[in-house]
Ligand SMILES: Cc1ncc(COP(=O)(O)O)c(C=O)c1O
C-alpha cells in the first residue's frame, strides 16, 4: 500500500449517480484514488430529477396533490436500487415513510415553511447517498456513510432573508483539524451528501440549488484536500455552451478568477459559490466527465496560463430582472443611491450589475440570488417609487465576455454589435477588474449574439494553449475529412515553388481538392440538388471540374449565365439558377429566354414590369429576417441587408402573382457566408417552409450557400454531419419539399492557394515587413473583411519561425497588408510565399489597381 497521502474530495452530480454504468465508473474512480493512497471523501447529489419532484411536492401538497409524485420518487429509487443490485425497501424504507409524513403534514397545514421545505428536499440526497454507500460496500469498497449535517455548519449571513438563511445557507470553510482526525479514523472512503448542512441548532438547511458543488468545496477546505474533483455529465468548461455553439472549445485550464467569472455569469457546469473556498485554500479543482472518465477535463488552479487568449468564454444568464430607476432630481443630489439601495437591502435583494446616467440608474437582479423577488415585488416597487419612477423589465439575458484585459479586445466586437441595429441593449457594464464585459439584451436575441461573438472573438483568436477540442471532437461524433484539403499543397511544395518562380504571382487550384470538396458536400444526403455559386471562382477549369461532378450553377449576373451556356452548351437550363439583385429589367428577360430558374428578390419588378413575369414560373428570394456570417459585409439577411423580399410583403406578392398567373416553383434564402453554426440551414428551411405554406404550390426550398470552412488550423470546422441530421429532421417532417443548396466558398476555398515572390524586406525598429510581388490587387479579402489566411514561406517550410512580420504587397494603399503579425522564418528576396485557402473570392474579386495585373490562374 503506497504511503498515505492527503484527502481528495470527489463530487458527483445528479445524472452521474442515476444509473449503473456511471456507478461502475464511480467505483473505479474511487478505487483508483484510494489505491494510490488518497483518503477519499465522496460527495453526491440526489438522483437526477428527484430534487425537481420534491420541489413539486412542496408546491402541490398544500392542494392535496402529491401521491402520484411520491410514487414516482419512490419508483425512481426502486429502479436504481434494482439496477445496483440493492433492496430499496430495506435501505430506504424509513426515508419513504418520512417523505409520506412530511407531504401529509404540508397537505394538512396547507403550507410548507422554509424549515419543512429544507427537511423534505434533504431526503433526495439522503436517499441517493444511502444507495451509493451500499453499492460501494457491496463492491468491496469499505465505505463510511456520513450525514453531511454533522460535517457542515452554517455561519450567519448579514442582511440575508429568512428564505436564504434556510434554503441558501453559507457554511464555515476553515480547515478543521478535529474533523480531519475524526474522518481519518473512520477509514479511507467517506461518502456524504451534497446540498445539505445544519445550522447552529442542528436544524437542516440547504445550500441552494446546485449546492452540492459548494458542499464539496467546503469539505475540501475543511479537510485541506489536495484536489477537488467535480464529476459531471459534461467533459469540462467550454468557451460557450457547446449545445448552442458547436464550435465552442474545451477550456483546459483556468485561473480561479477566470473560472469564478465564467461560473458566476451563467456556465452551468460549476456552482459559482464553490470556487471561493477552493481559491482561498489553493485547492486545484478538476472538472471531469463521469461517463468519459479518461478525458482530461478542465483544471482550475492558481497556475498562470501564458496564452494570449484574452477572452476565454462567452456566457449567458437568462431570466435577468432589471430595475430601471428614473429621477430628474438625482443629478447632484447627495445620497440618492444610498436611499434607493437601502430599499433593495431592506427587501433582501442582491444587486448584480449597475449602470448610471444623469437621470437613470438601472440595476440587474440575479434570479439565482433573488428567488423571492416575485413574492415581494409589489411592496418593493411601491417603496422604491417614493424615490424615483420605477420600471421592472423582465425576459432579458445577460451576455458576458469573460477573460483577462477585456478592454483591449473591444475594438474587435464591431460587427457583432450589428445585432443591436435592430434590438435594444438595456444595460452595459464593464467590471472594474477588467475580467468581464456584460450586456443585457432581450432574451430572444441572446443565442444569436453569443454565436456571433464567439465566432468573432474566440474562433478567430487562434490556437491558444488553454483551448482544447470542441464538444463533437471530444465526444467522438465528428467526421474529420479535411486534412486532405488543408494539406494538399504541402505535398506539392517543389512544384509550387517552381511555378511561382516561372509564372510570377499565381493562383493555383488543385483539381483533386475540388473533387474531394464536392464529395464532402454530397454527403448531405438530405439535399436533393447541388449548385455551385460560381461567383466564388469563375475560372474555366474550375467550372469544368464541377460540371464533371454533375453540379448545377448558381449565377448572379447574366454574364455568369452566358458563361455557363458558352462552356456547356448542352446543359439543361433547369440546372442553372439566376439569382440577381437589383438587376436591370433586360437581364430577367434574357434569363427567361435561356429557360433557367429565375429568382426574384424584390417586389418592384412585379409591380413595375408585370409583363416580364406574366405566366412565368419563378423562384422568390426571401429575407428570413436576420443575417449570419464571418463579417458584416457577407451577411445577407435582415433589414439592413439589401437582399430578399421581407416577409411582411408576402401577402402583397401573393396577390400580384395570383393576378398575373405566376407559378412560384421555389423559395430561396441565403443568409450569409462562412457560417459554422450547423443549425442555420434547418432554421432557414423552417422559415421558407412557413412562407411556402402561405403561398401554396411551392416545390423547392433553396437554402443558399454559406457553408463555412476551417479558415486556418486554429478554427473548428462546420460539422456537416450535424447539418445533414438537422435537415433530415426537416425532411422527415415536410417530405413534400425538395431541398437545394448552392455553396461557393465550401467547394473552392481550400482548393486554391495564392503564390507570390518576396521582393524586398524592411525593418522599422521592431516592426518588420516582408514585401511580395502582388497584394490587394490580387487578393482583397484581408483588406475588405479583415480575413486572416494562413501564410507560409514555401521556400523555407522546414525552417524555424523566429520573427513576427507583416506580409505586404506593392500597392499604394496602407491597407495593402495580406497578413499582420505573423510568426515567420528569416526570409529573403526570391522566396516563394503561399497564402492558403484562397480558392474562393480571390481572383474573381481582383483588379488591376495601380495598373498592376492580378495573379494568373493555374489548375493542377
Ligand atoms: C445567393 C447566393 N448564393 C450562394 C452564395 C455562396 O456563398 P458561399 O460562397 O459562402 O457558399 C452567395 C454568396 O454571396 C450568394 O449571394
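Placed from the backbone N, Cα and C atoms, the Cβ positions cover glycine too.
The following features are taken from TrEMBL:
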- 325-395: domain 'ACT' (DOMAIN)
- 535: N6-(pyridoxal phosphate)lysine (MOD_RES)
- 812: active site, proton donor (ACT_SITE)
Filtered by Cβ under 8 Å and at least 6 apart in sequence, the residues in the chain of the residue listed as 'active site, proton donor' near it are 850
Around the C-beta of residue 535 (N6-(pyridoxal phosphate)lysine), how many further C-beta atoms are within 10 angstroms, looking at every protein chain? 19
Go ahead and report the DSSP secondary structure tallies for the domain 'ACT' (325-395): helix first, then strand, then coil. 26 helix, 21 strand, 24 coil
Averaging the pLDDT values of the domain 'ACT' (325-395) gives 86
